[in-house]
Every structure is written in C-alpha cells, then in structure tokens.
Amino acid sequence: MSTTVPLDKKRFIPLENNPEVMSHLAHRLGLSPKLSFHDVYSIDDPDLLAFENAKMPTYDGAGVDEPVIWFKQTIGNACGLIGLLHGVCNGEAAAYIQPGSDFEHLMKEAIPLKPEERAELLYQSATLEAAHQSAAQEGDTVAPPAEETNYLHFICFVKTGNGHLWELDGGRPGPADRGMLDPEEDVLSEKALQLGVRAFMAKQAERGGGDLRFSLVALGPALD
C-alpha cells in the first residue's frame, strides 16, 4: 500500500526497512544511542514476548493533552520517516530524545500545531530532508530514485503512557486506537500482536492482491 502524494509535491528517496538505516536516521536526529532498531524475525514465537478510513473521522488534535502525537504525510516516499517519527515521539522512546537535538526542536514546534500545520512543518524542514537523504543511502540495496512510484509502505504501532496501543499511519485520516494493554505488555506481547500487527495483516490479506510482503523492526535498548 502506498500513500498518494501529488507529483508536483516534494518526494524523498524511499527508506529501506533496515535496523541500521532506521537507527542511523534516528540517532542523527537526536535519539539517544541507548536505543536502536532491531529486526523482528517472527511474530509467532512466544518467546518474543481494510482499512476503515471511510469511517474514521479526520484527526484534528494538537497540544500537550493529545493522547498520541500523529504526523500527516504530505511528502512522497516519506512514510519511513513518518513511521520513525511516530515511534520516537510517542511512548517510552520520547524520554530518550537528547536535549538540544533536532528531535527535541521538532517536538517543541510540532506539538502545539494542528495536523495540517505539522505536515507543513515537516515539508519545509531542510534538517529532516538532509537526514533522510543520508539514511536512504545506507541500505543494503540500491536506493530507487525519488521520482519512482513505490508501492510499499511503513506504519507504526506504539504503546503510549496511558496503556493504549496505537496504529499510526501518516496516510490515513488520523491515529487509530487499537485497544488497551496491561502494564507488563509491550508492542510485541501476544495481546498487542493480536490487536495490532496480526489484525493489520489479516485485513491486508482480505483485500486480496496476492502479494502480502512485510518486514518488522522494533525500537528498543541497544545491544552493544
């Protein structure tokens, strides 16, 4: 699934869903190196302990009382960046944003803004564009040109401080609350997988098309 962006709008080189690429971008923008992205090789191993867009109201939240920070995507091929922003700016990861970093400046500017204004903030950010460009060259495969149509897409699942699991996709009308998790449950817990990733994949399979490709990375403590 791709997010449709007019051809006359800014377009980025697509990011590879690769832990090194995502960590490179997050650390460059100011996430503490105590956290990094990791491959998730299975969602069926217990040790890992349709979209309803038409029915979803357009999100209009802003300010410190938002249940979750959501960014609308208006830059072509920037879904990887949007997914990373959602993962870092929500939940426990936000506490690891380093003081004075690009992430901190972005958060301070973005939180008071409505979604359309936030989208414009990202669109106009030369800092984000440069960081994205650098990360896009770090993948294991040759990066496609920014002008090329990309039919793959990033979404993010996060657990926020109030215990809710959110599905965050900048190409949708807003964030989707997928349910409540217990205090000891994280986004790779069995309940979270059933409410989140597995439910998402089941909806994709129901839509048909015969080409259900996916890869997962998780943001957590660095291992080195």
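Every residue, even glycine, has its Cβ placed from backbone N, Cα and C.
Summarising the annotation, TrEMBL assigns active site, nucleophile to CYS79. Mapped onto three states, the DSSP output places CYS79 (active site, nucleophile) in helix.
What TrEMBL records for HIS153 is active site, proton donor. There are 19 other Cβ atoms within 10 Å of the Cβ belonging to HIS153 (active site, proton donor).
Under the heading domain 'UCH catalytic', TrEMBL lists 11-221.
Look at TrEMBL and you will find GLN73 tagged as site 'Transition state stabilizer'. Cβ neighbour count for GLN73 (site 'Transition state stabilizer'): 24 (other Cβ atoms within 10 Å of its Cβ, all protein chains included).
Among the features that TrEMBL reports, site 'Important for enzyme activity' is placed at ASP169. Around the Cβ of ASP169 (site 'Important for enzyme activity'), 27 further Cβ atoms fall within 10 Å across all displayed protein chains.
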Discussion item. What's the number of neighbouring CB atoms sitting within 10 A of the CB on CYS79 (active site, nucleophile)?
Written reply: 26
Worksheet item: Any idea what the Cα distance is from GLN73 (site 'Transition state stabilizer') over to HIS153 (active site, proton donor), rounded to a whole Å?
Response: 12
